[in-house]
């Protein structure tokens, strides 16, 4: 939390140096508070759009672990003070690595700086209906991405469940619950090793969606 707060202060100091100075007009303390709240809401929206990709990746990892039987093996992430699944944490760190490797963090910083050239402090226009539609479509697209990521593991687990069901009817003396748990874990890890090779393409698609929604939000706040 302290590191994130320090990074926010550092980024604010950097952005101040490269943005033009404008004269603000407000009436009293309440006007200034409303102006601060308005700018904070813009930052919250942009930050939510950027962080949503990590939440969706964690969701995909949790769904995978539920199918493989690893849902109880959670890990505590001290960065956000939350528990994540093993696969979700793996995907989360891989996406962070791809964020740095592809220089996507430069794009996010550039988007923050360029937003002041489109709409300066106090000049943003709020269109709640259009903003709601953009956010809903963005979240829906990311849920589709999460389902696509989980789909190979889900199909593999479905086939294993069908085979175990047939074996349970053919050989009722076998304990399919004990055997099935081990098979699911091994098969799930094998599928995960295969599909994780396509993660760079998945991250490129996720970052492309992030760029599109950031562009849409900035143009939405820009005065016509």
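Note: Cβ is positioned from N, Cα and C throughout, glycine not excepted.
Between the stretches 70-89, 90-109, TrEMBL puts its transmembrane segment entry on 90-109. When the ranges 113-138, 139-164 are checked against TrEMBL, the one recorded as transmembrane segment is 139-164. Outside the transmembrane segment (176-199), and at least 6 residues removed from its termini, the chain residues within Cβ reach (under 8 Å) are 64, 67-70, 87, 91, 94, 98, 149, 152-153, 156-157, 160-161, 164, 167-168. Remote same-chain residues near the transmembrane segment (12-35) are listed as 112-113, 116, 120-122 (criterion: CB distance under 8 Å, separation of at least six residues from the stretch ends). Sequence-distant contacts of the transmembrane segment (139-164) (same chain, at least 6 residues past either end, Cβ-Cβ under 8 Å): 52-53, 56-57, 59-60, 63-64, 67-68, 91, 176, 179-180, 183-184, 187-188, 191-192, 194-195, 202, 205-206, 209.
If one looks beyond the transmembrane segment (41-61) by at least 6 residues along the same chain, the residues whose Cβ comes under 8 Å of a Cβ in the stretch are 84-92, 95-96, 108, 111-112, 115, 124, 126, 131, 135, 138-139, 142-143, 145-147, 149-150, 206-207, 209-210, 213-214, 217-218, 221.
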